[in-house]
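Peer 1: Below: one structure in structure tokens.
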Amino acid sequence: LPLLLEATLLWLASGSHHPFYNGFYYNHIMNDKGNGQEKVVYFNGAKLVVETPKDPVYSSNGANVTLPCHYHYEPDLEAKRKIRIKWSKLRDDYTKEQDVLVAIGKTYMAFGDFRGRAHLHQVGRREASLVVSDVRLQDDGKYRCEVIDGLEDESDVVDLRLQGIVFPYQPPRGQYRLNFHEAEQVCQEQGAILATFNQLFQAWSEGLDWCNAGWLADGTVQYPIRLPRRPCGGLHLAPGIRSYGPRHRHLHRFDAFCFSSALRGEVFYLDRPAGMTLEEAKQSCQDVGAEIARVGQLYSAWKFLGLDRCDAGWLADGSVRYPIAKPRANCGPAEPGVRSFGFPSKGRFGVFCYKER
């Protein structure tokens, strides 16, 4: 026994043995030159690579979308391995906002708002794609696909963008009356959510020019200017997004920039010869199995369905508006857009109704 122990110790000290092996091992943790520089090393001599599309993936409200993600090894490994896959939704600064899904083999669990809506699409070899059904406005953003093989962990990011429209919103009581939380609430009431900076920037690039500052989803206050002018930051500034930076979410008050996507139904116009009060307008929509349309629904119908009506109509928030896709005489300015008469306390108008398909 002593001779066997001595032989074992000599064998361990000789360095000719393999390291402890439990399915993975490291080789040459430090650079052989002894200069302190770390050397990149991989399990089993293979590098784990995760790949996602570099271009954004586009979808719309209510649709189903697949966020592609694949992984492989360099050089390739043929052996079947027990891989853990994790999807997370990220903030704009790439920090984690929420867990979406984790999976090992065919077993998976989705979290929060994604429960019942998210699962893996693993038809192809070494595929880790995420399928999200019934896409919601809040799903817009960045997603990290993370593949975990033992102690090795690699990831890449997919950018999901909803096709939508950004619109400025003021409540009935006037300009700059909303703190951040109230701004979130009024956008939700209009069938929308607070816009992100990326959504506002996209809207600006498509022509949005608005001189009133509004809240965005990250708690900053900004506004888009296409034509520089004195009341909107001055003539000396170039076109762009003007920013007040982060504001106090309870104390400071501004307007809101809301974001709405494509509709699951249709917006249509009803009228009577003598017009209607707001309460009569709501009832008229209910009489035909619909509801009075919200502001976000009217903007979406104008942008995505080409709704064009030169007749003013009530909306759910008590405002009176009308959408113009083809500008013409006696229908407002020369540009397409949604015209507003504000929030009249009196008057009789038609109504825009919304009905699910």
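Just so it is clear, glycine is given a Cβ too, placed from its N, Cα and C backbone atoms.
This is the feature table in TrEMBL:
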DISULFID  CYS211-CYS232  disulfide bond
DISULFID  CYS310-CYS331  disulfide bond
DOMAIN    47-158  domain 'Ig-like'
DOMAIN    165-260  domain 'Link'
DOMAIN    266-355  domain 'Link'
SIGNAL    1-15  signal peptide
Peer 1: Identify which of the disulfide-bonded residues CYS211, CYS232, CYS310 has its Cβ surrounded by the largest number of other Cβ atoms within 10 Å, counting every protein chain shown.
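Peer 2: Ranked by Cβ atoms within 10 Å, first place goes to CYS232.
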Peer 1: Mind giving me a neighbour count for CYS331 (disulfide bond)? Other Cβ atoms within 10 Å of its Cβ, every protein chain shown.
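Peer 2: Its Cβ has 15 other Cβ atoms within 10 Å.
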Peer 1: What does the DSSP secondary structure composition of the domain 'Ig-like' (47-158) look like, as residue counts for helix, strand and coil?
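Peer 2: Split by secondary structure, the domain 'Ig-like' (47-158) comes out as 6 helix, 61 strand, 45 coil.
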Peer 1: I'm checking region-level scores; what's the whole-number mean pLDDT for the domain 'Link' (266-355)?
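Peer 2: Mean pLDDT, the domain 'Link' (266-355): 97.
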Peer 1: Going by DSSP assignments with H, G and I as helix and E and B as strand, what are the residue counts for the domain 'Link' (266-355)?
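Peer 2: For that range the per-state counts are 21 helix, 26 strand, 43 coil.
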Peer 1: So, by DSSP, how many helix, strand and coil residues make up the domain 'Link' (165-260)?
Peer 2: 22 helix, 30 strand, 44 coil
